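Over in TrEMBL, the protein carries these features:
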| type | residues | note |
| --- | --- | --- |
| REGION | 1-20 | region 'Disordered' |
| TRANSMEM | 40-67 | transmembrane segment |
| TRANSMEM | 97-119 | transmembrane segment |
| TRANSMEM | 150-173 | transmembrane segment |
| TRANSMEM | 202-221 | transmembrane segment |
| TRANSMEM | 258-277 | transmembrane segment |
| TRANSMEM | 308-334 | transmembrane segment |
Amino acid sequence: MTAEPGGDEIAANGRRPGGGDGWRPLADTFALVGRLRRPLYGFSFAVSALAAGAVGAIAALGFALAWDAFGTLREIVARNKAAEDPPFSATGETEPAFGLTAVLVVVLLLLLLSLVLALQYSAHAVAVRTALDGRGPPGAGGLWRGIRPYLARVLGIQLLMVLGVAITLVAGVDLFEALARDLLPGITRPRSPFTGFSPLDWVAGLGLPLITACVGPFVFIRLSLAGAAVVFEDSTAGDALRRSWTLTRGSPARVFRAWLPITAAVALAAALLWYAATPLARPAGAAMMWLSGGNVHTAGTLAQHIPAAAAACVLPVVVMPPVCVLLCVLYTGLAAREGERSRPTP
């Protein structure tokens with residue numbers, strides 16, 4: 001019997017990505033996504049719908065905690081305008097409430113992001129493993145049952161990776177601002193009008209924050225195959241992280257080349273979704289204006305964040321199936337090549 005093209009051909013020929021037939025990561029990825037499109041996109045839609053509800057709940061909690069602070073800010077701004085002072089002067093009493101609420105909201109969103117990534121990655125790895133073993137596409141129930149043994153380990157990995165990226169990005173931004181205020185002796189970040197700065201200022205003042213911010217994404221990429229290692233090898237979280245680091249060290253150029261289209265596709269999809277969601281800002285702001293009794297600060301905050309929130313809720317449905325499958329293909333391919341290199345020659 002002739003195997004169907006694509007993912008069926010991979011399974012029918014006993015070929016895992018990276019085997020002796022030649023490695024075609026993108027071709028294998030699209031073949032597997034095409035074969036598994038119904039369970040993968042269905043699962044992604046279900047997880048994204050639940051995540052959207054959780055995002056709404058977190059946003060409601062944030063506004064509830066900062067509600068009194070928004071009211072105080074409204075009174076201060078009105079008083080400053082009446083006294084012909086700068087509108088947002090002397091608003092320090094609202095800063096603790098806004099700051100603590102922002103920290104809580106960000107932490108909850110990072111936890112939610114880690115959970116969504118763990119669910120998506122586990123389910124896609126289980127589906128790809130099933131396809132490569134020559135079995136039919138799993139149903140929704142099969143995916144849920146399949147991820148249970150691995151979810152806690154993959155979640156721990158994603159929490160560590162998301163936290164690392166967040167910390168290094170914040171550190172890079174803080175260093176960028178610190179250099180602008182001359183807090184590091186001998187180094188000043190170039191700024192307008194961009195004259196009178198030494199080469200050290202240009203190299204260190206701009207390079208140090210950029211390098212600091214990029215450490216997290218670099219480590220994220222190196223460890224991005226750990227979830228697949230958990231599912232394919234039933235590894236512990238620590239062993240999976242070491243496995244991913246070892247595999248990506250052996251073929252760094254191939255891994256980073258694979259991540260270039262991933263990054264470009266995610267960025268493009270996010271920008272298009274943000275643009276498509278921009279019209280939601282006006283009705284959302286009007287609704288919050290009514291709820292808050294005409295508080296423009298509360299309404300403006302919601303309207304400002306609605307496009308990004310809507311785009312973030314829809315983005316996983318669009319990008320997670322191909323991205324997660326590509327990472328699984330990278331893992332199986334690199335593992336197969338490692339096995340070929342370690343096999344003794346006759």
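Including glycine, each Cβ sits where the backbone N, Cα and C put it.
Counting residues 6+ beyond its ends, the transmembrane segment (258-277) has Cβ neighbours under 8 Å at 25-26, 221, 224, 306-308, 310-312, 314-315, 318-319, 322-323, 326, 330 in the same chain. Under 8 Å from some Cβ of the transmembrane segment (97-119) lie the Cβ atoms of residues 47-48, 51, 54-55, 58-59, 61-62, 65-66, 68-69, 147, 151, 154-155, 157-159, 162-163, 166, 227, 316, all in the same chain and six or more residues away from its ends.
Of the ranges 150-173, 202-221, 308-334, the one with the most Cβ pairs under 8 Å to the transmembrane segment (40-67) is 308-334.
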